[in-house]
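Enquirer: What follows is a structure written as structure tokens; I'll ask about it next.
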Amino acid sequence: MLSVKSIPAFNDNYIWLIHNNDNHCVVVDPGDATPVLECIKEHDFILDAILITHHHHDHIGGVPELVRQFPNVNVVGPENEPIPTLTHPVGDGDFVELFDEQFMVLGVPGHTNGHVAYIGDEKLFCGDALFSAGCGRLFEGTAEQMFNSLQKMAALPDETEVYCAHEYTASNLAFALAVEPDNDYLLRYREKVLHLRAHGKSTIPSTLQREKLINPFLRTSEANVKKSVASKVQDSTEVEIFTALRRWKDEF
């Protein structure tokens, strides 16, 4: 089993550092090199690879400096995104070997056209595609693409740990409760999250099991969710429900 450390960056980003028992590590979406280098130095890690989910600067800004410090590092990322530092472009269905574990690449377009996620060792590194209690904005892709991407991730085992790239859980839960104000699990979980954040603690990782209970974008088949957007849709297909939810969240 691999271990994962969170490296906070900027206002609410998480850079994920995956390591094994012999001090080798991989980092995911290093938007800033400085905290990564500090963590590597503190723990005497050796950086083997960088995994990138998409091309936004807060996910790749630290890559050039990390490559300068570790010239032999492998830079793995989406083949259909403008990321000049890649050494190993990957796409949906490809595999990446990390510490003798096979991580599969999932194409999850929506937030960006080429966005990917990485799943292995019961851990999902999903960038800005899936958040705890939310999902990424549609900067490049379509609502249907994002809906299908979320369904692809939701089909993974319930015990899968979800490592998203931002601490948005509290604000996402406020929206989730606007959608489902009578969801008792949501109400209880919000209290837990507010307590964690008040003490400066992270709410990530989540699990897919939890997300299926709290995330409105994964609950488009639920009667209460459908009812909440009934006035905003012409038909009640799950894609239409998702589209209405995403539009509502953009304005929330």
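Glycine is no exception: its Cβ is also placed from the backbone N, Cα and C atoms.
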Enquirer: Among Asp22, Asp94, Asp100, Asp128, which residue shares the Zn(2+) 2 site with Asp58, His59, His166 according to Swiss-Prot?
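Expert: Swiss-Prot names Asp128 for this Zn(2+) 2 site.
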Enquirer: So Swiss-Prot lists His54, His56, Asp128 for Zn(2+) 1; which of His24, His111 goes with them?
Expert: His111
Enquirer: How many whole Å apart are the CA atoms of His166 (Zn(2+) 2 binding site) and His54 (Zn(2+) 1 binding site)?
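Expert: Distance between the two Cα atoms comes out at 14 Å.
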Enquirer: Rounded to a whole number, how many Å is the Cα of His111 (Zn(2+) 1 binding site) away from the Cα of His59 (Zn(2+) 2 binding site)?
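Expert: His59 (Zn(2+) 2 binding site) has its Cα 13 Å from the Cα of His111 (Zn(2+) 1 binding site).
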Enquirer: So, three-state DSSP: helix, strand or coil for His54 (Zn(2+) 1 binding site)?
Expert: coil
Enquirer: Using a 10 angstroms cut-off on Cβ to Cβ distances, just flag whichever of Asp58, Asp128 is the loneliest among these binding-site residues.
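Expert: Least crowded of the binding-site residues Asp58, Asp128, by Cβ count within 10 Å, is Asp58.
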Enquirer: Write out, in the order they occur in the sequence, the residues of the chain not among Asp58, His59, Asp128, His166 that have a C-beta within 8 Å of the mean position of the C-beta atoms of the recorded Zn(2+) 2 site.
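Expert: Apart from Asp58, His59, Asp128, His166, the close residues are Asn13, Asp29, Gly31, Thr53, His54, His56, Gly127, Ala165.
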Enquirer: Let me know the most crowded of the binding-site residues, choosing from His54, His56 and counting other Cβ atoms within 10 Å.
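Expert: Result for the most crowded candidate: His54.
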